[in-house]
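Asks: Just passing along the structure, written as C-alpha cells.
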C-alpha cells in the first residue's frame, strides 16, 4: 500500500504547549504520515522563529492574523502590521481570523475581520477563518468582496453546521476544515453534513494543541492525530482511507502550494 501523505491544515505548532517536546511531536507526526502543516498566526508578536528549527522534515506553511480570542490586545493599528508581514512573506496566508460571539467586543472583531478580509483581496492570499455562532455575520462581510478574493479563498476552520450552511461556503469557493469534532456522536448534524459534502471541499485539521478527539479529552492534541481524524472521516463516507488522504492532501495544497 502506498504511503499516505497527510496535511494538517490547522495546527498551532508554535504555541508554548509544544515548547518542551516539539521535535518529538514532529517526529510522531512524520511517523503518522504528516508531510505538511499549516500554522496560523493569532496575534501581533515579535515572532521568534526558534520553533521552526524544531520542525525538520515537515513542510510548514504559515499564516499571520489577529484572532478574535485575543481581541483585548489587538488594536486597529495592528492591521498595518499584518500588511507588513504579508509584504515581507509572499507565501503566508491570512489567519487565523474571524468572528466569535463568545468573545468580547464583537464590533471591534468585525472591524478587524473586515480589515483582514480587504488585505486578502489586495494581496491575493487565502484566509483561515474562525467561526463561533457567527457564520451568517461572516458571510455577510465576505460576500461583497468575494469576487476580489483569490480563486482559492481559503478554509473555514473547524467547520460545524448543516449542509445548507456548508453549501454557502462552497458557493464562495472555500474548503471546510474537518477535525476532531466528527469523532463525537453528539455532533450529529456536522457528521451528517461531512458525510454528504463533495470530496473536493474537505481538508483535515487537528487545531492542536486544542480540540482533542473523543477518548483523548483533557489531553494535549497534536498533529499526529490527523491520522485518527482521517479514520473518523472514512467511517462517515464511502471513499477509502487512501482516496480520502489523497483528496484532502490535494485540497490543502490547492490553498497554499502556489503562493509566493
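Any Cβ shown, glycine's included, is placed from N, Cα and C.
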Asks: Looking at TrEMBL, 10, 12, 96 are annotated for divalent metal cation 1. Which of 200, 207 sits in that same site?
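Replies: Only hit among 200, 207 in TrEMBL's divalent metal cation 1 site, alongside 10, 12, 96: 207.
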Asks: Want to know which binding-site residues, from 12, 96, 207, are within 10 Å of residue 130 (divalent metal cation 2 binding site) at Cα; which are they?
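Replies: Checking Cα-Cα distances against residue 130 (divalent metal cation 2 binding site), the binding-site residues within 10 Å turn out to be 96.
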Asks: If I take the alpha carbons of residue 207 (divalent metal cation 1 binding site) and residue 157 (divalent metal cation 2 binding site), what is the distance between them in whole Å?
Replies: 9
Asks: I want to check the contact list for residue 10 (divalent metal cation 1 binding site): same chain, sequence separation of six or more, C-beta distance under 8 angstroms. What comes out?
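Replies: Same-chain residues close to residue 10 (divalent metal cation 1 binding site) (Cβ under 8 Å, separated by 6 or more) are 38, 40, 96, 128, 155, 157, 158, 177, 179, 205, 206, 207.
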Asks: Using a 10 angstroms cut-off on Cβ to Cβ distances, just flag whichever of 96, 207 is the loneliest among these binding-site residues.
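Replies: Minimum Cβ neighbour count within 10 Å, taken over the binding-site residues 96, 207, occurs at 207.
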